[in-house]
Amino acid sequence: MASQIDQYAVFGNPINHSKSPFIHTLFARQTQQSMIYTAQCVPVDGFTEAAKHFFAQGGRGCNVTVPFKEEAYRFADRLTERARLAGAVNTLKKLDDGEILGDNTDGEGLVQDLLAQQVLLKGATILLIGAGGAARGVLKPLLDQQPASITVTNRTFAKAEQLAELVAAYGEVKAQAFEQLKQSYDVIINSTSASLDGELPAIDPVIFSSRSVCYDMMYGKGYTVFNQWARQHGCAQAIDGLGMLVGQAAESFMLWRGLRPGTKQILRELRKNLEGAL
């Protein structure tokens, strides 16, 4: 790339609605970093070629979103521990020796958002709904917060069992089928994308209590259907995934630039945009 300005991007398909360029442009302005961040829509079979070209042309780093996170994992020359455990990469960085480092900042983004919302994770009982890539990416960061217990539940019980076994070296995680859930939890995290389709998991609402904090990784205008359901059953607090989006972006920015940007103002701006106030 001819420009002297450092180049960053997000790769995905579709990518039109990505908020990453908005977020990282504000991060750069806030921290007085000279950089350009663009959105790149890549053919579903063209990620590796596009990423190679981007870095060959001087690109410094990129984010990776659906459906390329697993391919980015294979593309990276080196992996952080959290990326290796997640089995997926959402952040790539070109190192001084020319190799590409793969990282996964999703779990840290979730934890930082929960802590920013004054959610107590240490000593908490946590229920994680879903056993896909999103769940896999957040388990170790959650275990690092020393909860009393983490239970993974999934429509297909075998997947929950596999995920619990995968992280066993980092801490005990229980696996339960939906129909086995017969108690309430302090923190309930929905890692599935069901809310985007207006669907709810087939789980007994006994999981909710007046002390429960409920977190849906999806977000939209107003409450997600999962958070509406949680509120109807008396949960103390219902949070969507917009703060996780900003948190994982801040962690990526830190990896690239060595500076941790503030997130509160940017989260407020995004929320205004989402609610149609701007």
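Even glycines carry a Cβ here, placed using N, Cα and C.
For reference, Swiss-Prot has these:
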ACT_SITE  LYS69  active site, proton acceptor
BINDING   SER18, LYS19, SER20, THR65, ASN90, ASP106, TYR223, GLN248  shikimate binding site
BINDING   GLU81, GLY130, ALA131, GLY132, GLY133, ALA134, ASN154, ARG155, THR156, PHE157, ALA158, LYS159, GLY241  NADP(+) binding site
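Take the CB of GLY241 (NADP(+) binding site) and look out to 10 A: across all protein chains shown you find 25 other CB atoms.
SER18 (shikimate binding site) sits 14 Å from GLY241 (NADP(+) binding site), taking the Cα positions as reference. Counted over every protein chain shown, other Cβ atoms within 10 Å are most numerous around LYS69 among the recorded positions LYS19, LYS69. By a simple count of nearby Cβ atoms, those within 10 Å, the most crowded of the binding-site residues GLU81, ASP106 is ASP106. One residue stands out among the binding-site residues ALA131, ALA158 for having the most other Cβ atoms within 10 Å of its Cβ: ALA131. DSSP gives SER20 (shikimate binding site) a helix state.
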